[in-house]
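Peer 1: Just lifted these from TrEMBL, have a look:
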type	residues	note
SIGNAL	1-27	signal peptide
REPEAT	107-126	repeat 'Cell wall-binding'
REPEAT	127-146	repeat 'Cell wall-binding'
REPEAT	168-187	repeat 'Cell wall-binding'
REPEAT	188-207	repeat 'Cell wall-binding'
REPEAT	208-227	repeat 'Cell wall-binding'
REPEAT	228-247	repeat 'Cell wall-binding'
REPEAT	248-267	repeat 'Cell wall-binding'
REPEAT	268-287	repeat 'Cell wall-binding'
REPEAT	288-307	repeat 'Cell wall-binding'
């Protein structure tokens with residue numbers, strides 16, 4: 001009876017152990033896996049869910065207020081305080097060029113950049129084309145640079161002072177050659193009257209001096225370019241130009257005296273035959289009248305300068321050559 005009871009006890013105990021052992025092993029495996037999941041590689045605890053509150057301590061939208069701390073429209077007032085980061089530089093603002101000084105602020109008026117002058121209006125905008133400034137005209141090219149010297153605008157030439165750039169009027173000397181520009185700055189060619197004096201400018205506008213043939217007519221322009229009138233001596237030869245400056249040929253009366261100029265305009269002296277008639281001109285070119293001793297022979301010239309021949313004058317007989325027959 002007792003033996004049976006002990007055997008029964010062993011059977012019951014074995015059944016209980018067999019049932020409870022898998023449960024304990026499963027629980028231990030779960031605890032080990034959980035611990036591994038919450039432990040860093042060094043073996044320390046790493047309570048991820050409790051000590052890394054990402055959403056609470058990294059409030060992106062609250063601590064990086066882009067729209068609030070970078071108020072572009074409020075802190076960059078272009079028209080009022082346009083400060084530029086790169087001083088001494090050109091800046092294109094809405095298609096218009098402005099220039100910054102050493103403080104980074106836009107300049108106005110004349111600006112010299114690398115030996116070239118530019119003009120900026122009261123708003124600081126670089127100007128181009130013709131500009132009327134302080135009573136003078138200036139020409140700025142498409143890049144804004146001030147022009148100097150000869151400039152052709154359309155079909156017309158202008159001269160801009162090499163130093164100041166101001167448009168010139170009146171007489172201009174360029175490399176030893178004189179040019180004349182009217183009161184609008186237009187360069188002139190042909191005949192130009194300055195004051196009471198006439199000048200002639202060739203096709204390139206250069207002032208002429210010396211002899212000038214205009215059409216079929218000769219003129220003489222002195223060393224200053226002024227058109228001459230009256231007597232002009234060139235070399236050893238005299239010429240006569242009327243009040244219009246036209247060089248004369250043939251007989252010319254100056255005051256009460258007659259002179260004779262050959263086909264080239266040169267004043268003649270000595271014997272001159274005009275047609276079939278002989279005349280005599282003194283060393284100064286004046287036509288002789290009355291008695292004249294030439295090469296030891298006497299001749300007589302009437303009041304009109306014609307030499308008397310084959311006639312008697314005052315009881316003196318004159319031969320066919322006009323000489324007095326003794």
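Placement of Cβ uses the backbone N, Cα and C atoms for every residue, glycine included.
Nobody curates TrEMBL annotations by hand; they come from automatic prediction.
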Peer 1: Just to be sure I understand, if DSSP states are collapsed into helix, strand and coil, how many residues of the repeat 'Cell wall-binding' (208-227) fall in each?
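Peer 2: Tallying H, G and I as helix, E and B as strand, the rest coil: 0 helix, 11 strand, 9 coil.
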Peer 1: Can you work out which residues elsewhere in the same chain, 6+ from the ends of the repeat 'Cell wall-binding' (127-146), have a Cβ less than 8 Å from its Cβ atoms?
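Peer 2: For the repeat 'Cell wall-binding' (127-146), the far contacts come to 97, 116-121, 153, 158, 160, 164-167, 185.
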Peer 1: Using DSSP, what's the helix, strand and coil tally for the repeat 'Cell wall-binding' (228-247)?
Peer 2: 0 helix, 11 strand, 9 coil
Peer 1: How do the residues of the repeat 'Cell wall-binding' (168-187) split into helix, strand and coil according to DSSP?
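Peer 2: Result for the repeat 'Cell wall-binding' (168-187), in helix, strand, coil order: 0 helix, 11 strand, 9 coil.
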Peer 1: Across the repeat 'Cell wall-binding' (268-287), what are the DSSP residue counts per state (helix, strand, coil)?
Peer 2: 0 helix, 11 strand, 9 coil
